[in-house]
Amino acid sequence: MNTNQDNGNQLQRTMKSRHLFMISLGGVIGTGFFLGTGFTINQAGPLGAVLSYLVGGFIMFLTMLCLGELAVAFPVSGSFQTYATKFISPAFGFAFGWLYWLGWAVTCAIEFLSAGQLMQRWFPHIDVWIWCLVFAALMFILNAITTKAFAESEFWFSGIKILIILLFIILGGAAMFGLIDLKGGEQAPFLTHFYEDGLFPNGIKAMLITMITVNFAFQGTELIGVAAGESEDPEKTIPRSIKQTVWRTLVFFVLSIIVIAGMIPWKQAGVVESPFVAVFEQIGIPYAADIMNFVILIALLSVANSGLYASTRILYAMANEGQAFKALGKTNQRGVPMYSLIVTMAVACLSLLTKFAQAETVYMVLLSLAGMSAQVGWITISLSQIMFRRKYIREGGKIEDLKFKTPLYPVLPLIGLTLNTVVLISLAFDPEQRIALYCGVPFMIICYIIYHVVIKKRQQANRQLEL
């Protein structure tokens with residue numbers, strides 16, 4: 001399979017290890033982290049929430065190990081879509097590629113919509129769709145200049161988020177153990193909220209149900225694979241970035257959950273608008289709500305920035321594989337696939353539908369479209385690594401020649417594949433998440449049909465012409 005393009009249509013390898021790490025964090029630390037943690041604590045209880053995030057982190061760890069082997073062996077911009085086409089089947093690669101592209105393009109729309117709603121706190125008289133247009137234009141410019149401009153902007157977006165999270169963990173932890181006085185002279189809670197109503201107040205089953213939400217919270221870390229095609233020295237930068245992303249993401253998430261669960265009673269955690277705001281207000285930090293509104297706004301734009309980059313590169317790679325219009329596989333003089341960027345942004349501008357419909361209605365429809373793609377992506381990564389290793393050994397390849405090896409093969413990849421599949425199946429048992437299956441499954445079936453009716457026949461005809 002041809003993964004290289006003509007000299008005039010190539011991406012540029014300008015990303016360093018720090019860029020890859022921040023791009024991955026940019027995709028994962030969003031509203032699900034800043035707003036969704038309270039729901040997890042409320043449902044699973046304090047200890048149950050911590051355990052849920054540890055298990056979710058373990059699934060992320062297994063998936064990223066599989067991605068590391070593939071991305072080092074094949075550092076291409078198509079990443080797991082290219083791997084799926086080559087090692088699973090062209091039909092699956094086609095269907096998954098379009099699902100994953102649509103998922104991230106729609107995620108951009110969701111982030112623009114959420115950002116517009118946040119701006120109404122400060123500018124209530126300006127319509128949401130106007131802010132959507134402003135933020136869409138900003139993200140388009142950052143992605144259109146150069147790949148390095150995108151990477152640098154994402155580096156600083158993610159840096160702001162990390163700084164706030166570190167301050168939250170330090171200040172919240174200090175207040176939790178009485179090192180900082182609480183507002184109103186309240187006593188430090190220490191660890192009382194973890195055991196005052198029992199270790200699992202809603203039972204083990206409640207903790208298992210929250211795994212669906214928790215696993216989605218970690219998704220976005222796989223963007224390292226998409227950026228591999230534009231990274232300097234991928235054999236060194238990708239393994240380093242994967243290790244940094246896995247451990248630092250897990251530490252940020254788990255320590256934040258411990259602080260929130262320690263500071264806020266679990267019954268109240270799902271009621272407050274943002275648990276981060278509630279903790280900052282307990283400590284007595286002025287303008288806590290406005291500060292977090294700004295941080296969440298940055299988080300939204302960061303996710304949109306990473307998502308626009310990822311979906312553009314997936315579409316670009318598919319075009320060069322004959323799975324999308326050929327023009328989408330071209331880059332400009334700066335190495336930016338502009339046509340793919342324009343098409344992706346056109347889908348992301350679905351957020352502008354808020355001019356004609358209620359913002360909440362548009363949000364739910366877009367969220368259902370985006371819901372399944374990332375989970376299918378993790379399954380695809382695990383399965384592609386298993387199929388790649390089998391083919392590699394069958395064709396006489398030596399394991400010691402692989403620059404990055406998934407340890408304990410095939411045990412860890414199979415565990416990752418199984419756990420990711422269980423999470424996907426679990427969507428059917430959650431009424432709020434079930435709509436993701438209703439949208440995602442028919443979409444993939446339609447893509448399969450299109451591949452066999454149109455794409456496969458066209459590729460066969462092209463091969464015959466070449467002969």
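Keep in mind that glycine also has a Cβ here, set from the backbone N, Cα and C atoms.
Positions annotated as transmembrane segment by Swiss-Prot: 21-41, 47-67, 87-107, 122-142, 162-182, 207-227, 246-266, 283-303, 336-356, 361-381, 409-429, 435-455.
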List, by number or range, the same-chain residues at least 6 past the transmembrane segment (409-429) whose CB is under 8 A from its CB atoms? 59, 62-63, 65-66, 209, 211-212, 215, 371-372, 375-376, 378-379, 382-383, 385-386, 389, 436-437
Which of 122-142, 207-227, 283-303, 336-356, 435-455 contacts the transmembrane segment (47-67) most, counting Cβ pairs under 8 Å: 207-227
Applying the under-8 angstroms CB criterion, which one of 87-107, 246-266, 336-356, 435-455 scores highest with the transmembrane segment (162-182)? 246-266
Segment proximity, the transmembrane segment (246-266) to the transmembrane segment (207-227), 3 or more C-beta pairs under 8 Å: yes
Run the contact check on the transmembrane segment (435-455) against the transmembrane segment (283-303): 3 or more C-beta pairs under 8 Å, excluding pairs closer than 6 in sequence. no
Counting Cβ pairs under 8 Å that sit 6 or more residues apart, are there three or more between the transmembrane segment (122-142) and the transmembrane segment (336-356)? yes
For the transmembrane segment (283-303), distant same-chain residues with Cβ under 8 A (at least six beyond the ends): 26-27, 29-31, 33-35, 107, 111-112, 114-115, 118-119, 121-122, 135, 138-139, 154, 157-158, 160-161, 164, 171-172, 175, 180-183, 220, 274, 276-277
